[in-house]
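Here is the structure we will look at, set down as structure tokens.
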Amino acid sequence: MELADRAVGLLLSSISLSIFTYYTFWVIILPFVDSDHFIHKYFLPQDYAILVPVFAGVTLFSLLCVFIGMVMLKSKKKKA
């Protein structure tokens with residue numbers, strides 16, 4: 001079980017680092033590169049630099065609220 005936990009942790013860390021590197025390059029470095037450079041074809045337009053994190057945050061917040069609500073409902077049923 002410990003090996004599986006380490007593998008999952010390594011996978012999640014790798015994915016997080018990849019997303020962080022991609023987003024950082026996209027938001028901080030790419031605006032200073034000429035717009036006709038070939039690297040721009042690997043990235044979404046700059047408009048999505050705000051929309052993607054906002055959408056992800058709203059989705060995460062919604063799932064968190066649903067989870068907390070379900071836990072509260074289950075604990076209420078146990079008390080009754």
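Just so it is clear, glycine is given a Cβ too, placed from its N, Cα and C backbone atoms.
Positions annotated as transmembrane segment by TrEMBL: 7-29 (among others). With a threshold of 8 Å between CB atoms, the same-chain residues lying at least 6 positions outside the transmembrane segment (7-29) that come near it are 43-44, 49, 53.
Below 8 angstroms of C-beta separation, residues 23, 26-27 of the same chain, each at least six residues beyond the ends of the transmembrane segment (49-73), sit close to that stretch. Taken from TrEMBL, the feature transmembrane segment covers 49-73 (among others).
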